[in-house]
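The compositional bias 'Low complexity' annotation in TrEMBL covers 498-507. According to TrEMBL, the domain 'FAD-binding FR-type' annotation covers 189-300. According to TrEMBL, the feature region 'Disordered' maps to 491-510. The annotation transmembrane segment is assigned in TrEMBL to 12-32, 60-81, 109-133, 171-193, 416-441, 461-480.
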């Protein structure tokens, strides 16, 4: 308990220090365009920071570059301390902001924002207006007033045809109307062609084909990520340049050696991936590159008494990772978890199979009954249960190659500390290179006058030094960490080879998966399926009387705005809106 208090105090001090530096930096940005800065402050700054190593670039870096990098390093330290388990439990306790800070607002053009986001956006716009107004003021001071001459509209082509510029306006109108008519006719003919060739259904009800893929990757135990994190996936056999983001559905605590994503075939890239995997002559190896994970630094789901997760279609994927995280907290950390109500909206019953992915088939503790989970599924385009039998999922094992490696953190297990080290060391390397270059190349020519040495050469060398510094620092960290992960990668690959060989010599069917997940079914208290209707979200949310209700929404824009409007209406003070981003 004492260590948790010390860590919380250190994190608070880091946060205050970062805020003070940030406000000071903002003050410099505000004061810089004024005459006070140019006529008074700048001379004192130059006199106090005059150096043959950095020249006039020194005070610029001191005023505007160093504070941002310093805040970045402080942020890394703050997030690293927050990763510790004791700090996690402490941060998950109910420490709520004032209601007016959390209440969502729907603003046309901006979407759903809270007061903090609106204040930052307003400050940014005000700063831009301030700089533009000052630029215009200085421009009018320096440019003499000139009489505005009329711009001629003469043309050498129109008179040759016997036309005037005034008369040609109607021709522009005619051409515009003709172009819009042709575009409309072009689109109508395409729709007619799709109808005749029976392709219209393929272009409009892609959602009726229940083609979903779950990719499972091996990962090192040192790779940790929070729920709702995303990764970018590249499959060279489909496209060497396209990287597609997907929300991670697995949990790094429950499944320490596996990372999973669910891909729904709704585009050309995902359809090609599905065709490759489901081809009659199934391939035994698929080359995939992964970047990430990227996600929130911390989660605060434990601060609520009830979590109402509202998803539309593909939006259920981030909630799978959240439920698995709460399952781990309930079973392993023995912490009290909120009651969960999952409201999922689907277009047809074939998509109900995605609910089977909520609970992991392996890696979960047997004692998972403490998690109170209720599922309300709504199928909007069907009046009753479909008579078509759903196909059982097919499992395909790919043979590992000698060059394959599990997903591992590129910067080491303590990635935030490594990132702080990379930022600091790269900036130090940059300062050394810049100082040597300025001292022995630039200063002998311009003597800090900033007028004789070529701006182009100086700017090019600055960019070269920045790139070189980052490359050296990041490469050193990457190579060191790669060496550390090599041993673990070999162990994981040996284990995969044995599993693959066993699966190829034995029948691996869906019954084995169901038997493995039977102990977890007690976690789900009830599953209710409603056909031919949509959920009455206002009624459902207003009927929950617990003191703190977190309304998490992941789905279409209209759904998020409807829930945000309900939470901000003031009808129930216990509702707290949170929008969850997802990629599928």
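Positions of Cβ are set from backbone N, Cα and C atoms, glycine also.
In TrEMBL, annotation is done automatically, which means it is predicted and not curated.
With Cβ pairs under 8 Å as the measure, the transmembrane segment (109-133) is packed most heavily against 12-32, out of 12-32, 60-81, 171-193, 416-441, 461-480. Nonlocal intrachain contacts for the transmembrane segment (416-441), taken as residues 6+ away from its ends with a CB within less than 8 angstroms of a stretch CB, comprise 52-55, 57, 69, 72-73, 76-77, 79-80, 83, 461-462, 465-466, 468-470, 472-474, 477, 481. Here the transmembrane segment (461-480) has Cβ contacts under 8 Å with residues 57, 410-412, 418, 421-422, 425-427, 429-430, 433-434, 437 of the same chain, all six or more residues outside its ends. In the predicted model, residues of the domain 'FAD-binding FR-type' (189-300) average a pLDDT of 79.
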